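Report on the following structure.
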Amino acid sequence: MSGLNEKTEISKREDRSSVSHNETYPKPSTDRGSFENINAKLANPLAGISHEQLMEDAKVFAETHGMEDLALEFQKGALVAQDPTAFESLSLLDEDDKNVLRRELTHKWDQPKMLYYLVVLCSMAAAVQGMDESVISGANLFFAPQFGIDTRGQSSSSRNAWLFGLVNSAPYLCCAVLGCWLTHPLNNLLGRRGTIFVTGLFSFLTCIWQGVTNSWEHLFVARFVLGIGIGPKSATVPVYAAECAPPAIRGALVMMWQTWTAFGIMFGTVACLAFFPVPDKPGITGLNWRLMLASAGMPALVIIVQVFFCPESPRWYMLKGRHRDAYQSLARLRKSPLQATRDLYYMHVLLEAEKDISKERNKFFELFTVPRNRRATLASFIVMFMQQFCGINTIAYYSTNIFSQSGLSDQESLIASWGYGMINWLFAIPAIYTIDTFGRRNLLLTTFPLMTIFLLMTGFAFYIPEGSGRTGVVALGIYLFAMAYSPGEGPVPFTYSAEAFPLYVRDIGMSFATAVLWFFNFVIAITFPPLLAAFQPQGAFGWYAAWNAFGFVVVLLFVPETKALSLEELDQVFSVPTHTHAVYQLKALPRNIKKHIFRMKVKEVPPLYEHEGTIGTRMCAPGDAGHV
């Protein structure tokens, strides 16, 4: 196959101006059957600067920000940041320095204990989130008839279905209209750790509040306020993890959010099973469901105690001009001072470029008006929207009702829901490895077709007469769907959105992404009961199966790969025009189907990106950016 030999060079200046609307576009191919050779060279912003000048710049940076004692380390770090693959030839580095960098390449999981302690914090925050979401599934069986909004049996009505959905969806309505938009002011005022502390406190208090409500209106209000604990936390924790993690394992560490959210969902069903047989006490009606809802607040206490033992995000310190604190924070998260100064200086270079961009501009509107930001916003919107419209939370919130409709008793439905939660968690664990090897985009493209098939299987199973194996097929379809969801659309959206936006709009961008997620979560939660009543299970599951097929198409066209790149290098990835990316993927699709599905021998196509001299991947393999 022939194509243009022309390559798009995105240099330091072009990288900066990618946020000022000037971009380099490849010329269209004149050969219809060929690929456009959109081989975008993603150059390091420090490339082209002489070693002498770079060392002088690093020295000035250290002295200007009160780190004169670290001037030599910053000079070393700047040289390594300029070309991380060429450290062997740097005479300024001693053998100990080089051994540290060699080990970083060969033992990427050899990280400081503090980094893993931070991972534990983020994982616990995610587990709280999962419990907040899943305990309602068991409580649904009891509070609905007690408060007169039952959707089962003779008391069922269209009004009850909508009110039942409204109570379930209340936290996500709050997240969409209020909670997520508090992320930026809270982070700006309190930092990442302070925001996590405040939201953990809200989660604890509102979970207890849910347990003492006396009407559906009261429960709705308590759950609505719970959204203040869910929204900012869901936007902050993945960003916090992304800003503290080294590029080589960032995806795996950030995706701990979804892995342990899945664990929280599973543990929430365990709590529901544990409190299911609790009898009412004198003066207390519905003690079992009250304990279910209140139990989700207990892990939040652990977060409140734990969070300030972790270092603050170095990038947040940099935004506040606290460079010494940023270094000290990063030094606790890296194995050596050289790695800390390298990452800090590289961060400084990008922040300096962003200062001119961010002055006196509306950052929210720049998510849509600046091409680089708009592409990140589009991709984040797609993955967040599809996490909801793939149908997963219809099962998370209403699994007991679904299993009950398939013919199980209430307690059997809770046990079946526990099985779903366990599978959802266990099959998220492999993604810790695959998200940084197989890639974010490839995980989505592989799992969307499978989720489509398994949802159709679940829906069609309701055509089987009751007592003839219907329950088993329904459970199998839901479990297989969870197996496909957990390593793909489960961990990818939060990981992807946390890393996609440039630093100067990262809080706003993540607020937008999570607001999208929680708004459509609200839509799913409030509409599924009436949808189930109107369409029946066959139509309801078929509806979401169609959305999964749609998800495959939009991810293929509009979601670029981001694995193993530094947060700064992603500015350059998102500088490739949307049309260029979409055309490349369409032309690559037939070749990828032949190779990966039919196992045929086909010619390789040129990769979409090359990464030269950057902190992340050195060279993008053909399958990394441009292949299914």
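Each residue's number is its place along the chain shown, starting with 1.
In case you wondered, yes, glycine gets a Cβ from its N, Cα and C as well.
Feature annotations, reproduced from TrEMBL:
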COMPBIAS  1-18  compositional bias 'Basic and acidic residues'
REGION    1-36  region 'Disordered'
TRANSMEM  114-131  transmembrane segment
DOMAIN    118-563  domain 'Major facilitator superfamily (MFS) profile'
TRANSMEM  161-182  transmembrane segment
TRANSMEM  194-212  transmembrane segment
TRANSMEM  218-241  transmembrane segment
TRANSMEM  253-277  transmembrane segment
TRANSMEM  289-310  transmembrane segment
TRANSMEM  378-398  transmembrane segment
TRANSMEM  418-435  transmembrane segment
TRANSMEM  442-464  transmembrane segment
TRANSMEM  470-487  transmembrane segment
TRANSMEM  508-528  transmembrane segment
TRANSMEM  540-559  transmembrane segment
Dominant neighbour of the transmembrane segment (289-310) in 114-131, 194-212, 218-241, 508-528, 540-559, by Cβ pairs under 8 Å: 194-212
Any contact, the transmembrane segment (194-212) to the transmembrane segment (540-559), with at least 3 Cβ pairs under 8 A: no
Beyond the flanks of the transmembrane segment (508-528) by at least 6 residues, Cβ under 8 Å: 162, 165-166, 168-169, 172-173, 175-177, 179-181, 183-184, 227, 230-231, 234-236, 238-239, 363-364, 367, 373, 376-377, 380-381, 384-385, 387-389, 391, 393-394, 397-398, 493, 497-498, 500-501, 540
Top Cβ-contact partner of the transmembrane segment (378-398) among 161-182, 218-241, 442-464, 470-487, 540-559 (pairs under 8 Å): 540-559
Chain residues outside the transmembrane segment (442-464) and at least six past its termini with a C-beta under 8 angstroms from it: 383, 386, 390-391, 405-406, 431, 434-435, 470, 473-474, 476-478, 480-481, 484-485, 487-489, 491-492, 536-542, 544-546, 548-549, 551-552, 555-556, 559, 561, 623, 627-628
